[in-house]
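Pulled from Swiss-Prot:
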DOMAIN    10-204  domain 'tr-type G'
REGION    19-26  region 'G1'
BINDING   19-26, 81-85, 136-139  GTP binding site
BINDING   THR26  Mg(2+) binding site
REGION    60-64  region 'G2'
REGION    81-84  region 'G3'
REGION    136-139  region 'G4'
Amino acid sequence: MAKAKFERTKPHVNIGTIGHVDHGKTSLTAAITMVLAKTGGAQATAYDQIDAAPEEKERGITISTAHVEYETKNRHYAHVDCPGHADYVKNMITGAAQMDGAILVVSAADGPMPQTREHILLAKQVGVPAMVVFLNKVDMVDDSDLLELVEMEVRELLSKYGFPGDEIPIIKGSALQALEGKPEGEKAINELMDAVDSYIPQPVRATDKPFLMPIEDVFSISGRSTVVTGRVESGIIKVGEEIEIVGLKDTQKTTCTGVEMFRKLLDEGQAGDNVGILLRGTKREEVERGQVLAKPGSIKPHDKFEAEVYVLSKEEGGRHTPFTNDYRPQFYFRTTDVTGTIKLPADKQMVMPGDNATFTVELIKPIAMQEGLKFSIREGGRTVGAGVVTKINN
């Protein structure tokens, strides 16, 4: 049977459920698909189908993630749900499932728990722009004062980690009642989706961002200057535009004199295209893999940054022993490895395999970077960790 063509008539948003174990993330995901299926906006997906999430590999790390899709009146959503806490940590740090927004699920019967905090913090660290809260299991709470108290606690927690706790929509409901087809259960799910539609901002499309292309390869064509190849990460490059070569060395200015794709000449290359770009007056030895081509002034090279990192466990093929301050692995950014030194916070003696941690890194050469950039940590060619730049230190 031929695959159904994906009709993209509505704007697309990537979203995910986050929150403490057993607070009802997977039940809520199932409930959303069941309620929206009634208006033809989704295919109803049962709890156990979502819970049996397939394993995927992202940058050498195995993560279990379930994906469902659905649509509301205004948007098309791809929704990700992870079965285990470790899967969330890995998912958010590696960016395996990009999230433009999140639904934080908190059980009204328990209130915020340790993983509630950790997921909010992670969402902040990795740059999830907005979230909406679903206060689940309200059918188990008879006392309205208690509900109010839990809502206050959630708002305080969100504010503590830098989200606008006073403004974030909090929807009260019961995923279980929605799954059972009870009207009050379904009403809450519809309210939740209205809040997600209106409160989570439309993401900026990759083509609308400044031009950036990580350089994968460099060739010289006799008599026709230098060609660099790579996949355009964001923005658009047009023939005749001035661009910068950033990272590893001093930033250089050059001009794009041609864009080639599959041996054909184009007027422009855009986000997602694998292209060759001809550079005017740039010598073969002045450019190398690991640098980026970028719109002038849009990105700067840096060698010191703070990062949120997940360290692979021994079972995942990571280190067998913890690492301590001044550990010097390779940091793999986009297309290249750069050696760097890790500085742990004063209160941390070591980082164990299987942990996630925050620390500072000092690279031996600067890399074109901005907050939110993902990287791998490698040692002798194998991946031992994955991280995201949370703050640049100059």
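Every residue number used here counts from 1 along the chain in the order it is shown.
Keep in mind that glycine also has a Cβ here, set from the backbone N, Cα and C atoms.
Taking the features listed in Swiss-Prot, we show where each one sits on the structure.
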residue : record           : DSSP (3 states)
GLY19   : GTP binding site : strand
LYS25   : GTP binding site : helix
CYS82   : GTP binding site : coil
VAL138  : GTP binding site : helix
Outside the region 'G1' (19-26), six or more residues from its ends: residues with CB under 8 Å to it: 47, 50-51, 66, 81, 83-85, 104-107, 110, 112-116, 119, 136-137, 175-176
Largest tally of Cβ atoms lying within 10 Å of a Cβ, found at which of the binding-site residues LYS25, HIS85: LYS25
Spatial neighbours, same chain, of ASP22 (GTP binding site) - Cβ under 8 Å, 6+ residues apart: SER107
Rounded inter-Cα distance in Å - CYS82 (GTP binding site), the residue listed as 'Mg(2+) binding site': 8
Neighbouring C-beta atoms (10 Å sphere around the C-beta of CYS82 (GTP binding site)): 24
The region 'G2' (60-64), counted residue by residue under DSSP: helix, strand, coil: 0 helix, 4 strand, 1 coil
GLY19 (GTP binding site) and THR26 (Mg(2+) binding site), distance between Cα atoms, whole Å: 10
Long-range Cβ environment of GLY19 (GTP binding site), under 8 Å and at least 6 residues apart: LYS25, LEU104, VAL105, VAL106, GLN115, THR116, HIS119
Protein Cβ atoms within 10 Å of the residue listed as 'Mg(2+) binding site', excluding its own: 22
Neighbourhood of VAL138 (GTP binding site) by C-beta distance under 8 A, where only residues 6 or more apart in the same chain count: ALA108, LEU147, LYS172, GLY173, SER174
